[in-house]
Amino acid sequence: MQAIDLINLGPFIILGFGGITVLGLGILPAHVSTRTLAAVTIIILILGTVATTLWKVPHEIDGMLVFDRLSRLFVQLCMLGAIVITILSLYYPTTQKEMREEYLSLILFTTLGMALFISSQNLVMAFVGLEILSVPLFALIAWLPKQQHAIEGGIKYAMLAGIAAAFFLYGTTLAYVNSGSLNIAALGQSLSDGHLPAIAVTLLLVGMGFKLALVPFHMWSPDIYQAAPAPVTALFASTVKAAVLIFLIRLLCLNLQPVWEALLPLLWILAVISMFAGNLLALLQQNIKRLLAYSSIAHIGYIFVALAAGNSLGRDAAIYYSLAYALMNLGAFAVVAALALTGKDRQTLEDYRGLGRQYPILGISMAISLLALAGLPPTAGFVAKLLAFGSAVEAGHFILAIIAVINTAIAFYYYLHILVIFFAEEKEKTGQIIAPLPKGTLVSVIVINSFIIGLGIFPELITTGFP
Amino acid sequence: MNQLLWLIPGAPILGALIIVLLGGFLRYRHVAVLASCAAAAAFLTVLLAWLNGASNTQPLQQTVYTWMAVGDWRPTVGLMLDRLSLVMVSVVSGVGFLIHLYSIAFMAKDNDFRRYYFFLNLFLGGMLLLVLADNLLLLYLGWELVGLCSFALIGFWYRDPVRASAGRKAFITTRIGDLLLALGIFLLFSQFNTLSLPVLFDAISEQWQSNSQLAAITAFMIFAGAIGKSAQIPLQVWLPDAMAGPSPVSALIHAATMVTAGVYLIARMHPLFELTPLVQWTVAAIGAVTVLYGASSALAQNDLKRVLAYSTISQIGYMFLALGCGAYAFALFHLVTHAFFKSLLFLTAGAIIQANNDEHDIHRLGSHGGHSLLMHGCFLVGAASLAGIPVITAGFYSKEAILTAVWPASTGQLLWVIAALGAFLTSIYIFRTYFLLFHNSQKADSTSPTINGLMAWPLYILAILSITAGFVEFPAGWSGPRLWSTWLENEFSAAKHPPLATVYVLQLIASLLPLLGVGIAFLLARREKAGYRIPLSDFLRDGWKFDATYKIVLVGGYFKLAHFFKLIESLLIDAMLHKMTRGYKVFATYCRTGFEYGVLNRGLNGLLSGLRFGHAQLSTAQNGLLNRYALMICTGAVFLLGYWLW
Amino acid sequence: MIPLSHSLIIAALLFSLGLLIILVRRELLFILMGLEVMFNGAALTAIAAGQYWKNADGQILTIFLTVVTAAELAIALILVWLAFEHLNTTRADKLNLLKDNIDRGPP
Amino acid sequence: MMYWLSVLIFLPLSGALLIVLAWHSNVVMARRAVLLFSVAELLIALGLWWFADPGSDGYMYIVRASWIPSMGIQFLLGMDGLSLLLVLLTALLIPIAILVSWHSVKYHWPVFAALLLAIEAGIMGVFLALDLILFYVFWELMLVPMYFLIGLWGHERRLYAAYKFFLFTLTGSLLMLVSILGLYFIHGEQTGIYTFDYFALLHTDLPDTTGMWLMLGFFAAFAVKIPVFPVHSWLPDAHTEAPTAGSIILAGLLLKTGTYGLLRFCLPLFPEDSLEFAPFAMALGIVGILYGAFLALVQEDIKRLIAYSSISHLGFVVLGIYAWNQESLHGAMILILAHGVTTSAMFAIVGMLEERSHTRLLSRLGGLLLPMPRLGTMLLLFTLSAMGMPGLANFVGEFLVLAGVYQISASFAIAGAMGIVAGAIYLLWMYQRAMLGEVNENPAWRDLDLRELSVLAILAILVLWLGLYPAPFLDYLQSPTDIIIELNTVVTTGMEDASH
């Protein structure tokens, strides 16, 4: 193992040791304030981000991890996400008191998991990453047992994630059975025409489809979104899904083209049902977290529209969409988290009536995020849709494009509904006094939304030069 | 002079503009004087035009500016003053000016004088534009403009909904004619790709041979437009109601000028009409029928102004008759004399009505109303001229000219008889009115109102004109000047007339008839006054009982006929209009309720509820049961695996 | 020397058996067991394949697998215990407070 | 000189931002600022007009900058005669909308102002953009502020109207997006150059059915906006519920973007298919004309009435566009302007009435000419213009359209002319019910004040100018028309060659 490997492993090491450090800080006799812990966490994450910039790309560590621009970009995204989550949870009224070193270290560990998963070239690595990613989430969801629904959500997620993991694992082993190697590339080379590799990939797909809340593996997502504290929801609504998507793309589009080709009709169907199910479920939903859950189901559908195109544009579209998707959801949930009340999140839409006027900055941010989700220019959401539909059209899937378009139109309905409630004049003065928002939250929200706009106006920044 | 041409329509329009812009700051006197000056300016320019335009046969022309430029088609705002339009502008601006003067005193009490003078000036401008336009587009502009002003002035006292509706009725009825006119214009445009009149006439004369179908259709459409404006059957319904407006307005718009725009239009387009004898004959026929219709209806009226309205209808019928027989010059001749005596009548009537605080009923006016000698005289002159009392009145000469010109036309004899009959009726109804008004034995002596000077002068002038205007053109076969026809001869081919022998016979009859009519009217009036307290049917019976002479029977018959016509109008035509409007509304309502809500919105809601249904179905699946979720995952997996086996 | 297919079939049976347990049992602990069984099915496959291909990946995979699943199940068990403590139930069908309540939104 | 085009777009945008950030709680400053910005915009537009040469064929100004080269998307703006006039109209109507809502908008003035400026930017972009994606971006950009304008400042059923408006237009425009992409890829495969450049895409030869489908995609978006008959039902609701400024912008500008789209994209990009489609489109136009006229007669709510009348008038525009010859195209373009001015003025007047009496129902009005002579006179002027009185704005347009259509088919022209008569009927009916008759006593009746009068006076002058001396405007329309005509002739000759 030479130096370059070490440099490239830097971020992972930093994250791993960082997590342990934070834990360690907790058991020091001297009491360390939550702020300090959070500061340390953020510093660690920033260090990690810096470390990624030192990567020598493209590079591969003997069939285990691959370092290219793709993985770098998304590792950085996950770090950013983690930073935002930390800030949010720091000011999140409910977790504020409960938030100790464990919580922060868990965030660091899931980030590590994502990083591994994103840049893994080997199924074992992927599996380990997946578990490191998801196991902390169980804990985070149920972090506040006294919270309503917390435990239920945690258990559901644990069980179902377990099942998904089992599928993923079984897929892994079958792939191994097929090719005698766990390296994706090797799997790609030794594709015999038997059903085995296909079945293996399918099982992997099930495993990842669960994490993505792809219909028909989507049932869990609304419940868990609702149960988890808003920052945690933000976490696995945004970056986790992005990470999984990237691995999916790496697996299908970069290594197993033949399987991809063969899978196209299936992806076509999955896209359609995901879009329709997601949008219809979201249409009249009154609980904002569930609504966003459903909307993200629909978005996975749009991403699959891109994947179903089966061309390079489709691949790039999917990558871009994953990024945009993560940012948009992060933005939306950041606002939800920022507006949470002590003891509970604001659940129903009515709880948000008129808040856009009380907190103009949050209001505008919410507007930007939601309009981006709705796919209006000049946001990243628009370019994402443009690329996705474009790839579909290029592949000649006019029907699919039209279906996607119709779904977009349906989706507008509920996004606008949220916004109107957000900006409607409040019926009568509600009890709570308008607390001034913490700077950190505002900064993070603004940063995210400026990313959304910036990537919408200059998509060049990331669309060029993917493998 | 060419450069001054724009002043003729321009001056009144400027006046209107000033009034609407500065009206707020001006008192009544200033506004009135301003408006009159504008009219005077126009009139003076016309006189100027006479001075150096009358002599040469070349028309004066001025292009004010290019209105619009579409590709190579550039309709201009261009004015053309040939002799035809010279006649028209003289009448319009002259009478217009007089009526402005008259209005100064007449409208003195009204608060809305600004609106009044604005529209009066605007009307004058529009009318002058109409007759001066050198292309059909500009002519159409003037055409609509005068229609608008008539609408606004009929409904001048808009707070009375009946009057407001009268204005609307007038506007919409004429708009139907205008629609056909516009279509005719489109047709010409699509054929020749120009609307400039001189060019158009050349094109027509060389490209369309006579009896060509296109020519017929176009001519008919333009004729329809004329019918609407000039209140000929079947579009005449609006004119009687139009009397809701102030009397000067009725005099100017609904007697002298606007209603004769149709006549001008046909005279202007005569090259087109001469191509299609059929349409020409239709013009004559419609004219004849209208003559009869108007005259007989007038016979039964009790409202002074309605009498005059119906008589206007019938008089314009004469002009159409002349046009139809190709006697364009005589049509114009009658147009001029009619303008004089009819506006004289209207103004006098207006004076009388105003003097007797808005009493319109001739019987009551006769019995209780007071009037000055001047009114009496003027009305008499006007009536005489309208009735065409031989030799001494202008009306006689113009009517004679028309009658003689009618005879040689196709089915001329029949038309001539109708026309003569019309003349006969005319003298009856007008003198009936006259006698009822002024020769009332049991008149309650009331203070006879006087007319102030400003109102009197126009009356004098018009009275003189309606006597003397006729002497410019002596009937065929008489020794005397024929200035009119000679002066217009290079505009229109001279009208034919039958051999002199016939002419003299016809003229004898035609000139005896009015005198006869006066006698009848006198008797009739006496009868009416006698039979005033009893209902009309009884009175008829009385007529029958009294003297069973040939004439009386005739009179009774005429009454029946007159009532029949009244009936026709009130029942058939008005009712039909009502029906049409109602049906139209019903249909529209159906569109709203049936289609708009029924189909479109319901379809939309159906879509929404469909989505909502889908939402409900899927949403029930989200029942929060762990095992269900697991099961779902398994089925998903099976489905995915199934894809490979399939 | 057992042929690969046999052990694969056994493994597949194990896997589906575990799945079946999860589907039919309402008791959280049984569900966890079912999970465990599924994992074992996967593990068995890995072992057999490793022996078939004569390389260490299979064993590595198995080790990783055991460790990671152990961790996961540990946390899951804690959650179950929490459920027992706070909600006094360990049955899956009692945990159905989180769900869509169908309410009419705006038109 | 060129960069002024981008200024046209970014000035209002920055203005909106400035107002939101700086004066989101200071009504007075916000009012001044928004007026300042909109007037500055107007001045710039006038300047461009001044320096533009009507004779020059093609585009007077072009701005071309690279934006997303990898996808062949550029920042490409261009201004020819048509867009010049429409830009002028926009720049004029926005200040008017602001002045009209000076007092009528009760709360959150600054946000309102910012939204107006945002809309202005969007509309300017739509009229200027020549890169299809850029066009689409602005097309969507102008929707959102409009949605909030209706949804937040509207009347009773504002949300319903706002949703309806948004979903209708959005569905249409998304279909257009698909068509844009289709065009992009087809052109790319043919030439190997993947670009959204309008000029490049002009000369794409499309396979028959595909071309038709793509054309329909575009047509859908524009038809919804115009709105053409079957998809018009959002318009009356939107108009009824929108605040006055909203109605003005909606009727005066947003509807125009649809017709502009037809002229700029639908016809030039797909000449053959448009020509095939023309008879249907003209039929739709006719149906729209008569249908709108019918429904206008039976409306109680003045705003609804005017809304339906706009459907009728824009029917004329569609008719003219698809009749596709000199006169009709000129007529359509002039009618776009004329309707913009006339209808905005009528909505402004209705808004003023509503400010005074808080009702839009004709049955509640009546006899208002007496207490409000100025308002009554103004309304009369614009009503007459709307009913096609010669010498006023609409007449020129309608006459040219009909004159053009007559050469295609007399029956269509006759039907259209019927529409004019119907127009006279319902408009006079409206005027009589609102202004004439017995006065409906209400203390609130006060005549126009200086602000309102000046606003209406500007529009009145425009109406007269357009009606009496449209030549200067028509000059600018000559070269755009020629281009479109040329397409037509090319196509027809091509067809003849094919037939021979």
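For all residues, glycine too, the Cβ spot is worked out from N, Cα and C.
On a predicted model such as this, the values are computed, not experimentally measured, just so you know.
As annotated by TrEMBL, transmembrane segment applies to D:32-52, D:83-102, D:109-127, D:133-153, D:212-235, D:247-271, D:277-298, D:305-324, D:330-353, D:374-393, D:405-429, D:450-469 (among others). Here TrEMBL flags D:129-415 as domain 'NADH:quinone oxidoreductase/Mrp antiporter transmembrane'.
Counting Cβ pairs under 8 Å that are 6 or more residues apart, the transmembrane segment (D:247-271) and the transmembrane segment (D:330-353) reach 3 or more and are in contact.
Across D:109-127, D:133-153, D:330-353, D:374-393, the stretch most heavily in contact with the transmembrane segment (D:305-324), judged by Cβ pairs under 8 Å, is D:330-353. The largest share of C-beta pairs under 8 angstroms with the transmembrane segment (D:330-353) comes from D:450-469, of the ranges D:32-52, D:277-298, D:450-469.
Among residues of the same chain six or more beyond the transmembrane segment (D:133-153), those with a C-beta under 8 A of the stretch's C-beta atoms are 9, 67, 71, 73-77, 105, 108, 111-112, 115-116, 118-119, 121-126, 159, 161-162, 165-166, 169-170, 173, 176-177, 180, 196, 221, 238, 241-243, 245-246, 249-250, 254, 257, 265. Proximity of distant same-chain residues to the transmembrane segment (D:374-393), defined by a Cβ-Cβ separation under 8 Å and at least 6 residues beyond the stretch ends, is recorded for 309, 313, 334, 337-338, 341-343, 345-346, 349, 352-353, 368, 399, 420, 423-424, 427-428, 430-431, 434-435, 447-448, 453, 456, 459-460, 462-464, 466-468. Long-range contacts of the transmembrane segment (D:405-429) within its own chain (CB-CB distance under 8 A, at least 6 residues past either end) are made by residues 282, 286, 289-290, 293-294, 296-297, 305, 309, 312, 315-316, 319-320, 323-325, 327-328, 383, 386-388, 398.
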